[in-house]
Structure formats: structure tokens, C-alpha cells
Amino acid sequence: MESALPSSAPTIGVEEPHDTIEITVTSSQYDAITATYEPDELLIIKAGPGSGKTRTIINRASYLSLNKGIKPTEILILSMTNRTVYDIRNKLKQSTHLDFDKLDIQTFHSFCTSVLQRSQTHFQIIEESGRRLLDKIINPNDISILSPKEIEWLISDIQSNIPFNSLLSKYHQLNTLTLRSVISALHNIKSLSYDQIINKTKSLLKSQPALVNHYKIIIVDEFQDINSDLLDLIQIISKDKHLTISGDLNQSIYQFMGCDIQKINNFLSSSKQKISTIHLNHNFRSSIETINASNYILDLINKHNIENNIQDNIQRDIHDNIQNITNNNIHNTNSLINHPQNQLSNFKPTLKLFDSSLDELHFVCKEILRLIHHSNGLIKPSDIAVLALTNSTLTFFEQFSSYFYNINSTKLTPGPRWLSSEIKVLLDYIKILDDPIQNQFSLLCCLSMIPSININSILNLINNAKLQEISVWELLQNFNTHNINTNTNTNTNTNTNTNININIDNDNKKILMQFFNDINNYINLRKMNSTYSYDPIQIFKILLDLGNKYGLSQLQTEKYSDTFKYSKYGIKEELLSLYKSLVSFSFSNDKSKKIDLIHYFANELSFKGCFKSKTSENNVNYSTIHSAKGLEFPFVFVLGFSVDSWARLLAGNPPKNKRYLSKSSEIKRVLYVGLTRARFFSYLTLKAKYFENLPDDSDLHKHFSFETPEIADDQVLQTLSKRLDRNYTKENDHLFCKLKYESLLNQIETQHNNSFRNFTTAFKRRYHHSASAFRWHSSSSLTSLKLLNSSIRRIYH
């Protein structure tokens, strides 16, 4: 769907002729864009996969602003994820002339933070750096006492003011001293978790509604992922205002994060006096065969839910007509449909059944190679995505495909690769270079990286800063300007205090003073020389200098190299990724506004979606289905051998255990989301034992093919070339391509024949007791990777 706005937007409220704005949309999109916007009215836009939901939201905001006199500053757009927020911002910037900078487009968390900051509430957010610091307090010397999830629970319980003895009883793994240290750190830094930020914002807006009274239109995207706390927040924000929400309850797959479909349905039926619902039913992404198969899955889920009295909301996808809308007229068009030469028809999603996960992975790897070779390179590895329910399944696919089939792959993440590596600590340096007082957790994490500074020293700094009612950064500043003494009255006001009581030895005090001086010198350089604010090369050099002086060398450890297969060169690759991020930000800046790159980088990096994954065209993509939500790929493999509930659903044999029914329903929706990521071909792999008595005339055969699609065909390849916007020569030698593929497979099997057999035997011997041959008995993908590396070393070396 394309859209365009006039070269000069009309003056709001002035009735004079202006350029016509023409936007190609479906009839339902037109209804959503031009729907009324009365106060205390709710517009529900139910939008299935590939239905143009984001474009519709953008066009509605533009329409209301340019046609109906709503100022951009009176529109608030909220979403759950940074990726979606960036996507909306980017598409607004590219496709309209609306002054999008004045539109308030935020995640719920960033919105709540800005509201609290406007009310002059001082606090530190427990972001990733805060959790890392608490992890060092709770799990010293890499000894796992509490898991990351348990640490989250502990933070929440502490901030809910649960009595100390109750905490000690609940988290019995912690000793009294450690628990007191965690409580002290959280309280002394005045930290808030994201949940607390939301709750405080709700309380603040109830008492001071004027903080959001300037908004007239509230638009909420991805509504199906909202939890109950955010539902309450939306109700408060949208009081006496128009509320537009968009989403697809069929894609609600975040129950583990507190999303509750029943509560969402209750909200939708009672939140406003007037409620209108519009369905965006046209799918612009997938083939009709994929849509039919997806709808079939929804029907099965719906049947399962009705039989087990599970409250859910299933809405079938259908097609409707398409229209052009302008400011002043509407006329019919079929510009986006009825183009058979651009459609890949008669290719149902492929369903393959296997007796083991090893067979599943062999098939996926061979099929990836077949697609590439039978198309004579028209299909690139980067056109292909391998999706799964869990990271552990994907970890093994990556290792297996690389070792046996020489298939390179890239994991899709919401940010650049360095943010998923150990050098993400350099982001803490960026934050303290920007504002060391407002980023105390980042400051403390950087200090904890210094080899000689132990966690007790960190806790001493926190406690002394609290006693003097100053920040940790100001405490370090006083090291250089005051005498350091072990006997002092710490209650003295900091402005007159000439002695500081710190229980840290003199060598470490010198290191802390040097650390402060280095950071402070760079902060002053930024003020005196703009080069240090705008030049990514200079900023990169600063980060390397600080990292090398104060702990980055610790990452060059045997554990880091062996576990993740990173050597010193590997860390250089991560550093290169960081440098590319800095350069990317410098180019994305509006040079006319002279934005400080460090400040921009430190604050906007939360929008990880701004880093488009520049995957090499020679690399296959792989991702969890949850992370791939909102994305699309030409060819998709959904690995489902280890997910029994998917096989049971399609085989007509759903589990009867009531305890798992609701969770099972959500997992089945994950399957729907996975298949609807595909533009052209999709593959689903499942466990064969559930389909032993499947008749040939079953409904499953009507919606899925049990054979792989034929690629080596001129008509298919010509259609693909148009859809992929690539050149294709009709005189392609299909026989040669097939022989080349067969030769490659023979070469692989000859090279690894004994390896395949030995690995299969060893693996089955080790995991014969598991219902799934490749289901790792650990919640950690790191454990899976260690097991795999160990197996490979034992068998091949």
C-alpha cells in the first residue's frame, strides 16, 4: 500500500485550495482512516498479519492533522516495543510531509518516564545495567544463586515493601548480608523498576490529569500485547479523549508477560460510551494458500477453545476490495490485487513429518540448499528465515547447519550484534559521558568492571553517597577536591564537608580518582571541542581507551572464547559492529540541528529497531517467532518437531490436561504468527508419531502439501524475480542446477558420512530418555551450546 502527502501541507483551519492527497487503500482502511474522532469514543481496528496496520495508523494521524484541524502535538501514539515505535516514526518521515517531530510517538515505558520527569520526580530506572549490577551483588564469582527471572521478582518484592523476614524466607538462597546489600543499593540510588514507573504514572495522572490534557487523540498500537497495568493506564490517559486502538488478538503471544485476552476483551466492551470496530481483512503479504492454511489453524484453535471453554477471540482473514481515497473523493481500483503474474499460486505451505530432530534439521538444511541452487542463485540465503519457539532449538540449528552443511546464518535481534555481546558494557561509558549523575547504574557497572574494585567497594560508594545526600559521581568528584579520611562526620553538608569517610584502600582510591579524571576530561573535551561530540571516530577511540583502561580486557578470557567461539578477533568483530552503529547514528542525525552524537546515541539507543539488521545476502536468518513478530520473509521454515501441541492440534488430538489448556492455546497462536511471516513459501516440520493414521483425504491435505515445491521452473522463477525485484534469465539450465545441487549433497554426505552416523548414535544414546531427541534439559541456550560443542569435540576431534 502506497501513500503520499502534498509537497506543502495545508494550513490548519484555513479554507483554501490545496494539493490533493491520494492514498491507495482498501475500503476497510479507508473507513479506519476517516472514522470519527469524538471524545469518549473508542475505535477498534482489528488488523491481521500483513494488512497494512502501521500505514493505516500513520494515515489516520495524517488525515486528522491535515484534514480535521487536529494539531500534531494533540496526538499521542503508544506501542509496546521500541521496534514498532521506530517503524512508525520512520514510515511517517518517509511517506508524509506531516511535521512528525511534533507527534508524540513513544513506548509506554518512555511515555511514563517522560511524565514522571515533567513532574520533577527524581529517580533512576533499573535498566539492563542495573540488573547487571544487582546480579554481581547476588551472584558473586559467577556462582548462580538466583536466576535473572528470580532477580526480577526480588526487585519487585523489595519495591513493594515486603517485610525483610518475608523476603529472607522467600529467597532463602540469599544470606542476610546479601539481601540487605540489595535492598540498600535499590533504596539508596532511588531506583524504580518499569512496573513501578507505570504504577507511579497512573497515580500521578489520577491526581494531576492536566499533565495529559493537551492530547485529544490517543492511538495505541499492538493492543493484543497489553497487560492489565497498561490497560488501566490507557483508561486514565484517554479519559474524555478519542481512543483508537489497533491489533490482532490472534497474534497475542505474550501471556508470559502478563497479557490476558479476557481482560482485553472486557476493556474493549466497557471502556467508552461509543465503540466502533473496523476489520482490516486484506492480506498484502502472503499467498492465498498461506492465508487459507493460517485460517484453518485459527479454526482448529477456535474449536479447541470452545470445546474446553477457553475465552479467546478468533477472527478469520478474508479479502475485500481496494479503493483510492483523496481529500475530496473516492474511486474504485484494483491496483493491489488481481495481478496473477505477480502471484505465486498453487503452492500450499509444506508440511513435513519426522521421527527425530536430527531428521528435521537435515531436511531443513538440504531444502535451503535446494532452493538456492535450483533457482540458480535467484533465491539468496538472506531471503530465508528459520523460526522456532525457543532459542535452544535455534542455537542447535545454527551450529548444526554451519558444521555439517556450511550454511552461514545470522540471528535476528532488535539491535546490532554488539548489544547482544559482552562489549555492551561500552554503552554504559556512553551514558556516563552523557550524564554521569542521571546514569548511576551505568557508572557503578563501569566501576565494577575494574579488576581491583570488588562489589563491597561498590556498596561502600553507594552507602557513602546516600549518607552525604549526593550522587556517586559527586562523591568521586570530592575525592579530588577534599581530603580522604576514615574518621569524619558524614552527616555534614556536602558544600562544607572537607573530609570523606570511605572504606576503600588507598590504591583503589587512586584508581577511582584516575577513573573520575579520565571521564571528566572527556566530558570537558566535548564541551570545548565539538569534534568529540559529532565525530564517530573520536567517540569510538574514547570508548576503546576507557574500556582498555578499566576492564574491557577482562572479556579476553578462556570462558568467553570457548563458550561462544569468540577469540580476540571475535571481540574485534563486536567492536566493529559498535563503530558501525556510531557511524549509522551520525548519518541519521539532522546535521542542521547539530545534535550531540553521544547524547543522541545514549538516549535514542533504546530504539533498537533503528538498527536495521544488515544481514549479508549469504546468510540465512534465524529467530524465535516472538522476535520475528511484525517481520516478513520470502521463505520461512517453522521448526516444530519439539512442540507437541502444534502436532496435536493439526492431528486432531489436543491434550486434555486442563492445567495446560490456556498455555497451549497461546502456543498454538505462536504457530499462526510463524506461518504468516512468509511472503511466498512456508514450511512446517512436526513430529510424525501424531499423524500415523492420517487419511489421504483429510482437511490437512487440503491446506498443506506434503511435497516440497518445484522451484526449477521458468514461470515460477520469473514470478519470483518480479516479486523479489531481481533479474532472471529464462534460458536457465535447470538440469545443470539440479545436478550441481545433487553433487553438493553427495560431497557433503561423503565428507560427513561417518560424522553423521557417529553423532546420531552418540546423541540418541545421551538423550534416548527424552520425548524429543533434541529437547535440551535446560532453560538456558548457553547450556545447549556447551553440550553441543562438547559433543562435537568428542566425536570429531
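Cβ atoms here come from the backbone N, Cα and C positions, even for glycine.
Note: TrEMBL annotation is automatic and uncurated.
What TrEMBL says about this one:
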type    : residues                                               : note
BINDING : Ala47, Gly48, Pro49, Gly50, Ser51, Gly52, Lys53, Thr54 : ATP binding site
DOMAIN  : 26-287                                                 : domain 'UvrD-like helicase ATP-binding'
DOMAIN  : 320-630                                                : domain 'UvrD-like helicase C-terminal'
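Annotated features, which come from TrEMBL, shown on the structure.
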residue : record           : Cβ contacts under 8 Å, 6 or more apart
Ala47   : ATP binding site : Lys53, Thr56, Ser246, Gly247, Asp248, His279, Leu280
Gly50   : ATP binding site : Asn283, Phe284, Arg285, Ser286, Glu632, Thr676
Ser51   : ATP binding site : Leu280, Asn281, His282, Asn283, Phe284
Thr54   : ATP binding site : Thr84, Asp87, Ile88, Lys91, Asp221
Q: Within 10 Å of the Cβ of Gly52 (ATP binding site), how many other Cβ atoms can you find? Include all protein chains, please.
A: 24
Q: Report, as a single number, how many Cβ atoms besides its own are within 10 Å of the Cβ of Lys53 (ATP binding site).
A: 23
Q) Within 10 Å of the Cβ of Gly48 (ATP binding site), how many other Cβ atoms can be counted across all chains shown? A) 26
Q) Any idea what DSSP makes of Thr54 (ATP binding site), helix, strand or coil? A) helix
Q) Setting Ala47, Gly48, Pro49, Gly50, Ser51, Gly52, Lys53, Thr54 aside, what same-chain residues sit with their Cβ within 8 Å of the center of the Cβ atoms that define the ATP site, listed in sequence order? A) Thr56, Asp248, Leu280, Asn283, Phe284, Arg285
Q.
Is it possible to get the count of other C-beta atoms within 10 angstroms of the C-beta of Pro49 (ATP binding site)?
A. 25
